[in-house]
Structures are given as C-alpha cells and as structure tokens.
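Single-structure report; data block below.
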C-alpha cells in the first residue's frame, strides 16, 4: 500500500511539471511582438561602440542575404575628433519587411542623434533607399530590429564617412528646414497643406511615418466633440417666411476663427489653422425691443473641445514638438436682439 501511494505521488508531481512547461510554451507561442519598445534606441545593453577614425560600414547580419529573426542590434559610432560630423549613406541594396499602413512597425533600421535623443528616421520595405543622414556632432546611433515573422533580404548596409564642418553664410529662410523658420513664416507654409500626412511629411521628410504613428497612438486625453443641429418645422407659407427671417437674422451661424488669434498663442502653431465655430451674427432690423438701435448678442454660450495638431519649438533642441491637443472654443448656442447698451445682464 505504501509503495502504491509513493507511485501515485510521483505521477502527480510529474504531471504538474509537464503542465507548467506546456503553459510556458503556450504563453511564449502567443506572445506578440507589439509589446516591444518602438521609438528611439533604448537598448544600451545591446549597444556596440565603434570608434571611427576612417571610412567604414555596418550591415545587417548575413547581408546581402536574409537576416535572422528576433534580432536587436545597436551601434554607436563615435568619431575620435570631436570637431567632425559622421555621414551615413545607405547601400543601394536595401530591403526589409514591408511597412503596415505606411508605418515601419516590425523589421526596421533606425538612426538616432545621441545628443538629444532625436530619431532622424526609421526605414523598412524595399521601394526606395533611405536618404543620406548627417550627425550634428561626432556621434550617431543606429538600431536594427527584426521580429519573429517574415525576414527579408538583402537587409541593409550603411557606409559611414567623416565630414569636416565648413562655416558658410547664414542660409536664407527659403533654404532653412521647417523647424528653423520663424513661426510666422512657418505658419504661412503650414496653411498650404490639405492633409495632416502632407504636413508631417513636409516637417519631417525622413521620419514622418514614425511621427504619424506617435501622433495617433491612443491616449487618455479628451477627444473633440461634435454638435448637432435640429431641423426646423415648416407648416404653412407664413410660418416659412417668419422662419426664414429668424434663420437669417440674429442666429448662431458658422464662423471660421484663427486658433492662434482666438487662443492668443504666439508661441505655437496649430493645424488646421482655423476651425468652424457657432457665433451670433446677422442684423436686428425687426428688433422687438423699443429702442433706436438693437444688437445681436449671445444668450447661451457653451465651451467645446476640438482636437488639433500642435507644433511647438523645443527649447534648445532642434525640431518641433508635435502632439495632438484639445483646444477650448466658445460656441454661441442661442442669440437675441437687445438694445445696445443693455447687453449686460
């Protein structure tokens, strides 16, 4: 009997160990790559420092053949001379896993400015070769990431060379990058774009996909609200005539307002530049008040929030800070004609 009990206990323990192993295998099988960090180079434990004294190159593993899966590699190029720049030129043979919705989410190569953490660009796919990149100091960082699916070929190869900065005359405003333009000049340029994709591509031609992904990443902030207009009842012709007078006299109507002027903000740019709001407008020719002059004023005002893109210069850092923000605007819900001078109360 004792021997039988020991055999049963041993069998139960073995079953528990097997179940735990199966659960571990199952959880690893269904783990998703989306949980890994997406922006910037945040893997210093993987970083390989390369001292740059002459021209050279780095490349994805097995280049120009298919690179391995589940790989994270980070290189930091450091020039010995602190007064030089590092130029990166991508080999014409470039191919990584294709983007999803024009955004590099899975396999990509990314270049970062170590001095301020600015991501200069993220690239994937094979439709075009990334443009040349130049550091603003004597260091630059490169990061390569591949997930567990769909490795591609040939990968990438980046040739690096040293550049000696040469000082020239100050560039004209037309040749400056968008982030270096005066806000008033940039505001005029921003006004010409009809979609947010065109705007972000103009501001960040090499990293616009990454910025767009960050911009639309879900947050807990309050979303802008819409408002609804009720239909007017029309019974007979006289009522119709009277209603038309009411509609086109002192009533809430669409007005476009400049956000910078409305919010009295000269330190930032909003896109779109203008929004539609409801404001009282029209005349008071048929004012029912016994006075010589009537004016149209709001009798019910509400504040509504609208989600817009905000562009703000970074203090001491190159580039613009881009974020989705809610701006409060007044909307006139109801209006009335009152005697001029009696609008208070």
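If you go along the chain as it appears here, the first residue is 1 and each next one adds 1.
Glycine is treated like the rest: Cβ placed from N, Cα and C.
Sequence annotations record features per position, and here Swiss-Prot assigns signal peptide to 1-22.
On the 0 to 100 pLDDT scale, the domain 'CUB' (46-163) averages 91 in the predicted structure. Feature annotation from Swiss-Prot assigns domain 'CUB' to 46-163.
Taken residue by residue with DSSP, residue 55 (N-linked glycosylation site) is part of neither helix nor strand, so it is coil. The feature N-linked glycosylation site is assigned by Swiss-Prot to 55.
If you look up Swiss-Prot, you'll see 104-124 (among others) marked as disulfide bond, on the strength of sequence analysis. DSSP assigns residue 124 (disulfide bond) to coil, not to a helix or a strand. Residue density at residue 124 (disulfide bond): 25 other Cβ atoms are found within 10 A of its Cβ, drawing on all protein chains shown.
Counting only same-chain residues six or more apart in sequence, the Cβ atoms lying under 8 angstroms from the Cβ of residue 250 (disulfide bond) belong to 280, 281, 282, 283, 284, 296, 335, 336, 337. For 250-294 (among others), the entry in Swiss-Prot reads disulfide bond, with the evidence type sequence analysis.
There are 22 other CB atoms within 10 A of the CB of residue 335 (disulfide bond), with all protein chains counted. Annotation source Swiss-Prot lists disulfide bond at 280-335 (among others).
The DSSP secondary structure for residue 337 (disulfide bond) is strand. According to Swiss-Prot, the disulfide bond annotation covers 287-337 (among others).
Counted over every protein chain shown, other Cβ atoms within 10 Å are most numerous around 104 among the disulfide-bonded residues 104, 294.
Counting Cβ atoms from all protein chains shown, residue 337 (disulfide bond) has 21 others lying within 10 Å of its own Cβ. All protein chains shown were included, and the count of other CB atoms within 10 Å of the CB of residue 280 (disulfide bond) stands at 22.
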